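To keep things clear, I will list the structure first and then write my remarks on it.
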Amino acid sequence: MAIAIIAEYNPFHNGHIYQLEYTKKNFPNDKIYIILSGNFTQRGEISLADFKTKSKIALKYGADFIIKLPFEYATQAAHIFAKGAIKIVNQHKIDKIIFGSESNDVENLYKLANLWNQNQEAYNAFLKYALKLGYSFPKASAFALEEISGQKIVFPNDILGFEYIKQIVANNYPIRAYTLKRSEEFSLKNPEPNIASATYLRQLVNENKSISRFSPMKFIHPVCSLANLYPEFQKIVRETSAENLAKIWLISEGIENLFKKHINEPNFEKFLNAVNSRRYTNSRIKRAMVYILFRIEDPSQFDEEKIQLDCWKNQGF
């Protein structure tokens, strides 16, 4: 018997320690597997710590086994991320997963996943309609789900958990999902006494502020970030034709022309704001930037271990 946690640990923090302790207490007979992203994340960010460091700290705090989520899944939209992660869970004959959930209503997530599975033709029609209107894929997906179910999934962890359960239901995997209550405040900039969201902690790290109250990890500047690689990104986009940029994975729908149009923005934040639109979310843009920076035409053939950035050195716990 085994249970899986699907994670990025960017960075690993006290909330993750609590999740591991909760899982060990409530599933004492199960080995805990972490399906862990590597050096790049689903939002298109460079991980603050590399895969080896994240693996070591997870093992220190209670995980039994670490399985790497391949780059081709780890740096994709939520539905592809979930597809890859749950596929790995099934391949390793792990019969349970547990994830944080704001609603903590796993039965409702199963209900919605079954509705989706039974109404895929209608769902896909609504999805295509919303995409034609210029919605981003996440918003189009939310629109389609609401049309077939009358419900909205609002919170980010519920959305990702729903994607996990969709994969379980669609593939009839012998996996049972469980949830761990995650408070809404956990995600805000008003952290609990010793727990804060990874988003907030990344902000503190980037501002060179201590996160010792919230995490056992320590970071030394400069830390890894797309902002620090923006000059290199500018150079590549300027020197590469739109035709050749379009050969890179995720560069489609004319986003290469949009990048060229705004490539003279003076910094990463202004570039992101200029390119962001109803169709292109920040995460979609950042994922495309990663693929351009490392010239990735086929993510299934990309060996991220060959990318060794100085900013990963001396980051640890």
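Just so you know, glycine gets a Cβ as well, placed from its N, Cα and C.
Per Swiss-Prot, the features are as follows:
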type	residues	note
BINDING	6-19, GLY100, ASN157, ARG182	ATP binding site
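The structure, with features from Swiss-Prot marked on it.
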residue : record           : DSSP (3 states)
ILE6    : ATP binding site : strand
PHE12   : ATP binding site : coil
TYR18   : ATP binding site : helix
ASN157  : ATP binding site : helix
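A C-beta separation below 8 Å, combined with a sequence spacing of at least six in one chain, links PHE12 (ATP binding site) to ALA49, LYS54, ILE57, ALA58, TYR61, SER215, PRO216, MET217, PHE317.
Its Cβ taken as reference, ASN157 (ATP binding site) is surrounded by 19 other Cβ atoms within 10 Å in the chains shown.
Contacts of TYR9 (ATP binding site) defined by a Cβ separation under 8 A and a same-chain sequence distance of 6+ are given as HIS16, LEU36, SER37, SER47, ALA49, LYS54, ILE57, ALA58, in order along the sequence.
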